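Notes for the one structure printed next.
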Ligand code: KG4
Ligand code: ZN
């Protein structure tokens, strides 16, 4: 029976392939090869290097999927947004598979993929607010009862995850900075350093992390020797202000919109401080909170495969001659 969908994700620095059963959402195969170690020495993702590493990793993973080829009914791939040189690796592989196995091709928007990380083994829920916090994006999205996706708020500059990466870099911590900062913050003792929360008194619902990043930069400049103790205090104060900024705007959004459900997705949604604060906010507003499983917060092909099930049901296929690469697109109006 041909009821499996193979999905490829290569939008940034993770090479991942998943196979899902479209009838019961069960994951049949999943693998992700992260390139973090290779990019770490440069303090961020180097697109050219990412592309070369995808080129080596994806065929390696695909080799392990061959036993399922005769049960595949479609191929899905992340086509936007992301690094073009990375996306193109997955897209080329997906097109070749679709052509050679003579099965439909499905293009999935990466951000929609993150939203589906809330529904890996279940049907989609509607009337939901979603906080998407990753390295590339920070936004609050309304998934309404008619499956429309409306962006309610977004960052004007850096994303939440990116600000962690940049602050980590300023303190010579390794990349990606999110986990580094979170772990370091736990070691803070005095907790008497305070950074001001951005745009606290503004009615604007959008985010901005560049000013906070600058506050950290100016604080670092005060020290000749940035020892572990000082770094921990800075990490704690920064994480606190960054989470409070997310929370402040979210509370304003909760007052304006009433969601039946709320979800947090994206790599930075692994931040436990952020999770617990949003949890409290949802309790206060009597909104049921959904969290992406920790293992599938960051980029992965399983969320793409799950999104592809709904696309398959809607016969939302693309032609292999079609140019689907769209690195900057937020093709986002419907789920
Ligand atoms: O979703 P993702 O894997 O990639 C993008 O689509 O961007 O997110 C990666 C981002 C990085 O910026 C990383 O530092 C951040 O998520 N991140 C965190 C944490 N874990 C990962 N940020 C804050 N706290 C964390 N625990
Ligand atoms: Zn992502």
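Using N, Cα and C of the backbone, Cβ positions are placed for all residues, glycine too.
Together with 110, 114, the Fe cation site in TrEMBL holds one more listed residue from 227, 248, 299, which is 299. For the substrate site, TrEMBL lists 132, 133, 134, 135, 136, 178, 182, 271; matching the candidates 144, 165 against that entry yields 165. Taking the Cβ of residue 110 (Fe cation binding site) as centre and 10 Å as the limit, one finds 24 other Cβ atoms among all the protein chains shown. Between residue 136 (substrate binding site) and residue 299 (Fe cation binding site), the C-alpha separation comes to 11 Å. Note on proximity: of the binding-site residues 132, 134, 178, 271, the one nearest residue 299 (Fe cation binding site) is 134, by Cα distance. In the three-state DSSP classification, residue 299 (Fe cation binding site) falls within coil.
Counting every protein chain shown, the Cβ of residue 299 (Fe cation binding site) has 28 other Cβ atoms within 10 Å.
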